[in-house]
Amino acid sequence: MAHGEPYYSSKPDKDFNFGSTMARRQMTPTMVTKLPKFVRNSPQVYDWIVRGLIFPTTGKTYFQRVVVITGGFEDGTYGSFAFDGREWVEIYPIEHLNLMSSLKLIHKANALQERLRLSQEEKATLTLDVQFLQHENVRLKELISKPEPRKIQMKWIIVGAVLTFLSLIPGGYAQSQTNNTIFTDVIAACKYSTETLTENLDLRIKLALANITISDKLDAVRQILNFAFVPRSHWLRTVFYYIHYYEMWNIFMFVLAIGTVMRSTRPGTDLITLATSHLSGFRMAVLPTIPFHTTMTLWVMNTLMVCYYFDNLLAITMAILAPILGIIFLCFMEDSNYVSQIRGLIATAVLIAGGHACLTLTGTTTSLFVVILTCRFVRMATIFIGTRFEIRDANGKVVATVPTRIKNAAFDFFQRLKQSGVRVGVNEFVVIKPGALCVIDTPEGKGTGFFSGNDIVTAAHVVGNNTFVNVCYEGLMYEAKVRYMPEKDIAFITCPGDLHPTARLKLSKNPDYSCVTVMAYVNEDLVVSTAAAMVHGNTLSYAVRTQDGMSGAPVCDKYGRVLAVHQTNTGYTGGAVIIDPADFHPVKAPSQVELLKEEIERLKAQLNSAAENPSTVITQQPTATLEQKSVNDSDVVDLVRTAMEREMKILRDEINGILAPFLQKKKGKTKHGRGRVRRNLRKGVKLLTEEEYRELLEKGLDRETFLDLIDRIIGERSGYPDYDDEDYYDEDDDGWGMVGDDVEFDYTEVINFDQAKPTPAPRTTKPKPCPEPEAETQPLDLSQKKDKQLEHEQQVVKPTKPQKNDPQPYSQTYGKAPIWESYDFDWDEDDAKFILPAPPRLTKADEIVLGSKIVKLRTIIETAIKTQNYSALPEAVFELDKAAYEAGLEGFLQRVKSKNKAPKNYKGPQKTKGPKTIIH
């Protein structure tokens, strides 16, 4: 195809026709076969470039031309390829702006087509799912049985109609309507007005004469009950007339019959009960007794009411005998059913006998109806024990809940205002970390623990005497070892290596005990409570109810920092023991030398006491006896007394806290500032430069000689004590503060107030070395060398003028000796990085005296940073600073503090005041 037709990979490529046509003509079938995988249906740019511009070429082939093709890929990038005769080689891409614009449009079109394809597939899938759901819906509808319409039998409709007809018959109080004319109405109105006027005049006369009798009061009450105050032309009169005409029972039975036919599940039984109640004359008195009946006793009652309609004496006799016969013949039933049947028969007997008595005496059963309702209300009121009672159906299901608390139907906002109160503040949020809690499981019981550092902290009484405990965290069980238990009720458990908690709790740097938060796991549920706390020595008290499993829970502040460990609950208040950073590390056992010193002191005290008291005192050694543990009344009384003592102490502390603002304390003045001698103000000033120190080391001076030279330099440079400014006045300074623990006086020193420069200590001049004959080499004998030094010192020419004695040898120490409490805190990565300076910043003295210890500490720091375990770091730094103190150098922790780079977890600065000279 050389010099043939131009090659085009696709129609878009032909349409755009980018690049050189000659290059397209150079395309061969081999080149076409090995073309890179460009975007389908996309244009390419063909270039015909000199070979030497692409490949390193020499000779005649430099000016040969090669085909270079540039195109886009599926991932949105593009590249250029040159054909070297065998294959296409990728070269640095050549920029063609037209090609890049075209490729962007093509990629965008391809992306839209892909999105369209995916949308169409998703639409087809959703359409198919909808069709499946429609078919499933139709199938499920066919399986559901359709409820048939309620059908009421005709016989019950007829019975309801009969009862309705009976209820519409006028009652016994109905009167026949007479023919009235306008004249009779006028006469009746005048008569009523005259009677009313007469009654009013009589009432006013009695009121004026104060002649009101009891009968008058009863008449007034009767008129109120009869609504005599309602005018005759009012619509209420018409309502009362029809109620009086048809009677209340007839209207109620009419409504109840219609409701029974429409809604009742047993319309036959209900309608027959209404009919027998109406025929017997008991009427409303029957309804309150219905809940006491069963199905059998209900039909017994209906039978007796029908019998009462025909023969009342026979019905009363059968009703009285019914409970007795039921007790005898129904004894085969179970207890619950037996009691229900007897209760229904007794209710039937009471209804028949009481109804007959009421009908005989008053002609109505209203009084019996009121008595039965009163008994039911009294029975219900006697069982209102809780805050509410539940009404259940026959199956035991709660159908209603009625509160027993009396509540106002109106004006209840007064009660709500009194109960809720007016908000006067806003409660703050507290930080909790449930991921830092775990459950401690021991054979004696369970408790709560929390993660802090590399330990699990809990209460000591939760661990007990166990060496190993089980730690439950997020449903998994781990076995852990008890590391340390201090004197407090706290235990520290080593966190297992395969246990990785999601959160850890830190100790509070600035404890705030005003408001505490207790969180723990109780029955696998997280419980949180917030309360105000008070401090009582090393314990806290707060009003929180303790449940089983809360011992060892963390007591935190509002920021989630640990303040104490929950331990006990006696009565109303809960208690916790305050936790300090010093509790995390065990107290080091005294060394053998210290033990021997204590033993010597104890023996000396015994000797002194024996010398003072010659009489021999025989002390009986306590014998270990094993007694069976028992609890008697005295032990219980002691426990109660202990609990009451703690509660009273807490109560006193709370009262004192409340009364603290009212107690005033007189302030006195103690002057400690004016005229006070300020000694050791030049502490920390370098007495030797690096050059001087290096020269002394090169001369090979030993330690004693080196310290003697430093003593002479101090004698030359030190001046008189510095005084405060005379203008400064401290109102709390009365001159007695000159003598204190921080001021050391030399009572043999004579202060010259003429401020003459003191004479430095005399210097001893060394004699010039004289040549001596060479001696044979002898073994090194330190004793002989020491004797020679003494003889050499005796040969020194002493001045004839009397001078002060030479200063005694001394050793220089920088500040106070390091104490372990200053190093015992939570170290982290920042503390480890800043504790040692960079190697170029170390002094020569540090490298010579502390070189090996510094290298060891650097190794410990690197290991701690890699493993994130800083437990060994405090002890290593303490040993290094202790060695520096013994060598007269400044401690590294003090150096960090002096540069304002104290560790962020640093417990407190050491109260150092610079170099201090100690005379041995």
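Every residue gets a Cβ built from N, Cα and C, even glycine.
If you check Swiss-Prot, you get these features:
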type     : residues : note
TRANSMEM : 239-259  : transmembrane segment
TRANSMEM : 286-306  : transmembrane segment
TRANSMEM : 313-333  : transmembrane segment
TRANSMEM : 344-364  : transmembrane segment
ACT_SITE : HIS461   : active site, charge relay system
ACT_SITE : ASP489   : active site, charge relay system
ACT_SITE : SER551   : active site, charge relay system
MOD_RES  : TYR693   : O-(5'-phospho-RNA)-tyrosine
REGION   : 752-815  : region 'Disordered'
COMPBIAS : 783-795  : compositional bias 'Basic and acidic residues'
COMPBIAS : 805-814  : compositional bias 'Polar residues'
REGION   : 900-920  : region 'Disordered'
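Structural mapping of features recorded in Swiss-Prot.
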| residue | record | DSSP class |
| --- | --- | --- |
| HIS461 | active site, charge relay system | helix |
| ASP489 | active site, charge relay system | coil |
| SER551 | active site, charge relay system | coil |
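Remark: HIS461 (active site, charge relay system) has ASP489, SER551, GLN567 as non-local neighbours, by Cβ distance under 8 Å and separation of at least 6 in sequence. The active-site residues listed here are ASP489, SER551; among them, SER551 has the most other Cβ atoms within 10 Å of its own Cβ.
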